[in-house]
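Student: Got a structure for you, questions after.
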Amino acid sequence: MVALSVKKNLLIFVLVGILAGFVPGYVKGQSVADIVTQDFFNGIINQADASCAGKNFYTRAGFLDALNSYNQFGNLGSADNSKREIAAFFAHVTHETGHFCYIEEINGASQDYCDETNTQYPCNPNKKYFGRGPLQLTWNYNYGAAGTSIGIDLLNSPETVATDVTVSFKTALWFWMTNVRPVVSQGFGATIRAINGAIECNGGNSGAVQARVQYYTQYCNQLGVAPGDNLTC
């Protein structure tokens with residue numbers, strides 16, 4: 001009888017938590033999967049040309065699989081804030097990948113993204129750390145730290161981000177939760193600054209900033225939430 005009572009109380013706690021938005025992965029009774037529907041995902045990837053490599057790589061299932069490892073994503077206490085985070089994430093992904101067209105950075109192999117001063121995650125001289133995945137993960141220290149979080153040696157196998165869709169989305173969610181989540185409450189402009197501020201903000205590339213904002217406001221409209229203030233940087 002005691003065990004039955006405990007189970008009953010636990011079930012009540014979980015149900016109340018889901019309704020209140022306190023259970024990871026849920027937004028006021030809606031899971032992130034309920035918000036990022038197949039139609040929402042298709043609305044992005046269907047705009048990519050049929051010849052795009054990412055067209056046959058990125059999947060909603062891969063995103064949801066990755067979400068299991070970062071289930072605080074899309075759970076900011078209120079339905080509106082949570083939906084804004086989801087809209088912001090996919091706005092940046094849309095911009096970085098060209099509607100899920102690109103898996104790897106264009107001409108990335110010709111770029112040098114090895115920070116030799118970083119001794120915690122030293123570069124493998126036979127590997128390249130150019131942009132890969134939904135948020136175009138770059139630099140040896142990001143591959144190293146993301147790999148540590150995920151449990152894969154990405155420092156010595158960075159190409160995995162371009163061949164395993166779940167790992168690819170995990171690196172994007174890792175980067176988001178580590179570098180972007182802390183500033184999400186400051187407005188979409190702060191998320192731009194966290195992702196590519198040194199190049200785009202303060203007039204660096206106003207066209208790119210406006211493109212990101214356009215995607216964000218579009219997705220907010222689709223999710224039925226106001227975009228909030230401080231949209232640019």
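For all residues, glycine too, the Cβ spot is worked out from N, Cα and C.
TrEMBL entries are annotated by machine, without manual review.
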Student: Do you know which of CYS201, CYS220 TrEMBL records in a disulfide with CYS233?
Tutor: CYS201
Student: Please list residues from the chain of CYS101 (disulfide bond) whose Cβ is under 8 angstroms from its Cβ, counting only those at least six apart in sequence.
Tutor: ALA48, ASP49, CYS52, ALA53, GLY54, LYS55
Student: Tally of helix, strand and coil residues over the domain 'Glycoside hydrolase family 19 catalytic' (52-74) according to DSSP?
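Tutor: Summed over the domain 'Glycoside hydrolase family 19 catalytic' (52-74), the classes give 12 helix, 0 strand, 11 coil.
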Student: Of the recorded positions listed here (GLU96, CYS201, CYS233), which is spatially closest to CYS123 (disulfide bond) when Cα positions are compared?
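Tutor: In terms of Cα distance, CYS123 (disulfide bond) lies closest to GLU96.
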Student: Residues with Cβ closer than 8 Å to the Cβ of GLU96 (active site, proton donor), same chain and 6+ apart in sequence?
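Tutor: Correct list: TYR102, GLY131, PRO134, LEU135, GLN136.
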